[in-house]
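Trainee: Got a structure for you, questions after.
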Amino acid sequence: MSVQDENKLTKIKNSLESRVVTLPDGTSLPRIGQGTWYMGENPQMREREIKALQLGIDLGMKLIDTAEMYGDGDSERLVGEAIKGRRDDVFLVSKVYPHHAGLDMIAKACENSLKRLGTDHLDLYLLHWRGRVPLAETIEGMEKLRKEGKIVRWGVSNFDTDDMKELWNTTNGKNCMTNQVLYHLGSRGIDYDLLPWQREHHMPIMAYSPLAQGGSLRRQLLTDPTIKEIAEKYAVQPLQIALAWTIRSNDCLAIPKAVQEEHVLANAKATIIELTKEDLNRLDEVFPQPTRKMPLDII
Ligand SMILES: NC(=O)c1ccc[n+]([C@@H]2O[C@H](COP(=O)([O-])OP(=O)(O)OC[C@H]3O[C@@H](n4cnc5c(N)ncnc54)[C@H](OP(=O)(O)O)[C@@H]3O)[C@@H](O)[C@H]2O)c1
């Protein structure tokens, strides 16, 4: 590797270390982590996916997000293989199905996730979305797992503002560490009330699909002239600007999924981009902030 390349890598690592979000328990995490949806499902892609996750960890994107749902456990198995021998370098997140979130089922679901991941604890366990199990029961199950050391902390996913308020008013609900929701430049409904509510309660958002699934959920992120101009100014790609936008403040962490090596590098590099007030204003003009309550975007 040339000295120039080494300098570039050091710069990426430094920015991932310094641009962090802080969870309510004081844990600091780099603002970009790694998603794993659809990984582990195609044996021909396996080696490449493992290498991508390992490269991401090497660069400092230590948070890895998976779920029992992804490929019926195949994603967790793949992550387990990728982090073998380096569990302590990783902040491991998995999610429980809502229909497994009752007091008895959650212990079994967690145990199965731990087995597939080849570890004895999760750093964060999320309720994937809200189902029929009462919140109080899920919280009790989460707290029990926490006391047993099977999980270090817990959170939720796909919760809208009213769900968060209800959670907050449930016994031990304030122990929730984050809410993982869809958030990208082309889908910013949460800017209206959920993000402000979480800010007020010092709980960061974990943004999923921060690249709008490579732009397929919102083509404009790839083609819009303003985003292209800003990308040219920083000598990066439009989706790196979209990612830099998602992590523009210290209360949002994004978890892009990338299998291609150049995508992993590009995503890590996005932490270096600190958008100016002027950039943000220009992006607001094309992708305006919501002026009324929007239903939570979910995929
Ligand atoms: N809680 C929930 O309900 C929920 C829902 C959806 C997702 N998630 C989590 O969030 C993660 C991320 O969301 P996502 O997978 O839906 O979509 P995403 O991260 O927005 O986009 C992933 C797609 O973008 C491509 N890509 C990655 N980096 C790129 C770059 N720098 N330039 C151009 N293309 C790039 C990837 O291609 P390659 O893979 O070919 O590199 C892949 O096709 C998931 O993997 C999952 O862990 C959670």
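Glycine is no exception: its Cβ is also placed from the backbone N, Cα and C atoms.
Here TrEMBL flags 31-286 as domain 'NADP-dependent oxidoreductase'. Look at TrEMBL and you will find Tyr70 tagged as active site, proton donor. Per TrEMBL, the feature site 'Lowers pKa of active site Tyr' maps to Lys95. Per TrEMBL, substrate binding site is recorded for His128.
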Trainee: Using the alpha carbons only, what distance in Å do you get between Tyr70 (active site, proton donor) and His128 (substrate binding site) once rounded?
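Mentor: Just about 11 Å between their Cα atoms.
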Trainee: Based on Cβ atoms within 10 Å, give me the single least packed residue among the recorded positions Tyr70, His128.
Mentor: His128
Trainee: Which chain-mates of Lys95 (site 'Lowers pKa of active site Tyr') that are at least 6 residues away have a CB under 8 A from its CB, listed by sequence?
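Mentor: Looking at Cβ-Cβ distances below 8 Å from Lys95 (site 'Lowers pKa of active site Tyr'), excluding near sequence neighbours, one finds Thr66, Ala67, Glu68, Met69, Tyr125, Leu126, Leu127, His128, Ser157, Gln180.
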